[in-house]
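**Student:** Below is the structure I would like to discuss, written out as structure tokens.
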Amino acid sequence: MSETENVVTRAVPAALEDDLWPATARLDDDGVLRIGGLRADELAAEFGTPAFVLDEADFRARCAAWRAAFADCDVYYAGKAFLCRTVARWVDEEGLNLDVCTGGELAVARSVGFPAERLLFHGNNKSVAELRAALDYGVGRIVVDSFAEIERLAALAAEAGVRQRVLVRVTPGVEAHTHHYVSTGQEDQKFGFSLAGGAAAEAVAQVLAAPSLHLVGLHAHIGSQIFDTAGFGLAAHRMVGLLARLRDEHGLELPELDLGGGLGIAYTSEDAPLDVADVAERLTAIVGKECAVAGLTVPRLAVEPGRAIVGSTTVTLYEVGTVKELPGLRTFVSVDGGMSDNIRTSLYDARYTARLASRPGSPTAHVVTLVGRHCESGDVVAHDVPLPDDVRPGDLVAVPASGAYHRSMASNYNHVTRPPVIAVRDGAARVIVRRETEDDLLRLDADPTDPTDPAGPAAGTSAAAVTR
Ligand SMILES: Cc1ncc(COP(=O)(O)O)c(C=O)c1O
Ligand SMILES: N[C@@H](CCCC[NH3+])C(=O)O
């Protein structure tokens, strides 16, 4: 238990804290939260709770800011943060490219006709079916992640009669200062080819030897929710070093360098995110300088922001169901969602804040634990949240910064239906992902009274079948 829990009475923040809330979020005079010109209480009445409310104007503005900051680079929105058909369409309309990491994400892109050339396909264990789907759609770039995959992809591309553009994913040996579950630049992890161990250079040689593969560049992603540029700088330095070595060994200058995603956002007022324009300036300067020193032509840079684009655009609206006070110990405020719509608190010990969204409440707050409705005592939405003393059942609570890795990591634990995503803009709301129903949950189950139901899903082609 935290020392502050329920012991200190605090003032409820009067205003919405900068950086945490979507750009169009406002507090009405009657204390009601408004996003995209719409009142939280009216949104809850129309669409129910819990619900993800996504500020479309903010999403588009963030895409535009990244595009402007990285003007001569390729910006790939990382769909894993949150993807649905409408968002794929917005990304396309805003002129960004799209990073997909599964056949499912690719299917979303495909379903809206996302230009194949502007897709990049990631994954440390892409299936044969996924690789075939990517080749079939003509995905612009595939990032190869293992020796087995190089062999597999080379065979599949040859079979399809295409020469597939690829990047080699390198682990540059950089420790990002973030939770170890989301740190991916260090040697000891499952992604990519080690730089220090020589695997990266060997992977490059194998790709170059495969006539059906066309090596266009290198890729590195050091982790996620990062607040300083030192790690990116070090990764850039090492990647340019590898480019120079490849030039010396193979006489070729690779034209592309993808430095991945990972820029952090503010979840509480203690977080100080970097400005995208500053990051762009620093990264391009570092790469430019390193290339000048190495005598290399500056490669075209690519970046893959996910969280930094969608994270702050979305607020989760919950309804309070119970308030349990344990005098001198803690107050639990239970809402109608939980770890099925926000796994980040229990998985990464992530910090969040929350505020009453349907009325002002008393000016003083108890620091409470905001919990969900699941059968786990670790089902916490947010620790140490100052909610008004008079918080009660029926109140709406809003959790900001819940656009990235919330809906995309949502589950049906306890057979809870996953919340909808409601896009709001200029006073209009649109359901872009509908709420699941109990019928949705039952749809996949076989009927126990009917032995012929279901026929069973079609099996994918096994990897062994291709490489043998
Ligand atoms: C390869 C790759 N690119 C991009 C991203 C997006 O990261 P973020 O949402 O932190 O920007 C990730 C996730 O960490 C990733 O693994
Ligand atoms: N899911 C993680 C980020 C991982 C990104 C994927 N490589 C998070 O919520 O912070």
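Glycine residues also receive a Cβ, built from the backbone N, Cα and C atoms like all the rest.
Residues annotated as domain 'Orn/DAP/Arg decarboxylase 2 N-terminal' in TrEMBL: 57-310. Sequence annotations record features per position, and here TrEMBL assigns N6-(pyridoxal phosphate)lysine to Lys80. According to TrEMBL, the pyridoxal 5'-phosphate binding site annotation covers Gly262, Glu304, Pro305, Gly306, Arg307, Tyr405. For Arg307, Arg344, Tyr348, Glu376, Tyr405, the entry in TrEMBL reads substrate binding site. Taken from TrEMBL, the feature compositional bias 'Low complexity' covers 452-468.
Context for these features, please: burial, neighbours, distances.
**Tutor:** Under DSSP, Lys80 (N6-(pyridoxal phosphate)lysine) is assigned to coil, being neither helix nor strand in the three-state scheme.
Arg307 (pyridoxal 5'-phosphate binding site) carries a helical DSSP state (H, G or I). In the structure as shown, the Cβ atom of Arg307 (pyridoxal 5'-phosphate binding site) sits within 10 Å of 25 other Cβ atoms.
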**Student:** What binding-site residues in Gly262, Arg307, Arg344, Tyr405 place CB under 6 Å from ligand 1?
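**Tutor:** Cβ under 6 Å from ligand 1: Gly262, Arg307.
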**Student:** Starting from Lys80 (N6-(pyridoxal phosphate)lysine), work out which of the binding-site residues listed here (Gly262, Arg344, Tyr348, Glu376) have their Cα within 10 Å, and give them in sequence order.
**Tutor:** none
**Student:** Taking just the CA atoms, what is the gap between Glu304 (pyridoxal 5'-phosphate binding site) and Arg344 (substrate binding site) in Å?
**Tutor:** 21
**Student:** Between any two of Arg307, Arg344, Tyr348, Glu376, Tyr405, the residues recorded as binding substrate, what is the biggest Cα to Cα distance in Å?
**Tutor:** 27
**Student:** Return the residue, from the listed binding-site residues Glu304, Glu376, with the maximum count of other C-beta atoms within 10 angstroms of its C-beta.
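**Tutor:** Selected residue: Glu304.
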**Student:** Listed binding-site residues are Gly262, Glu304, Pro305, Arg307, Arg344, Tyr405; which sit with C-beta under 6 angstroms of ligand 2?
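**Tutor:** Going through Gly262, Glu304, Pro305, Arg307, Arg344, Tyr405 in sequence order, those close to ligand 2 turn out to be Arg344, Tyr405.
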**Student:** Please classify the secondary structure at Tyr348 (substrate binding site) using three-state DSSP.
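**Tutor:** DSSP assigns Tyr348 (substrate binding site) to helix.
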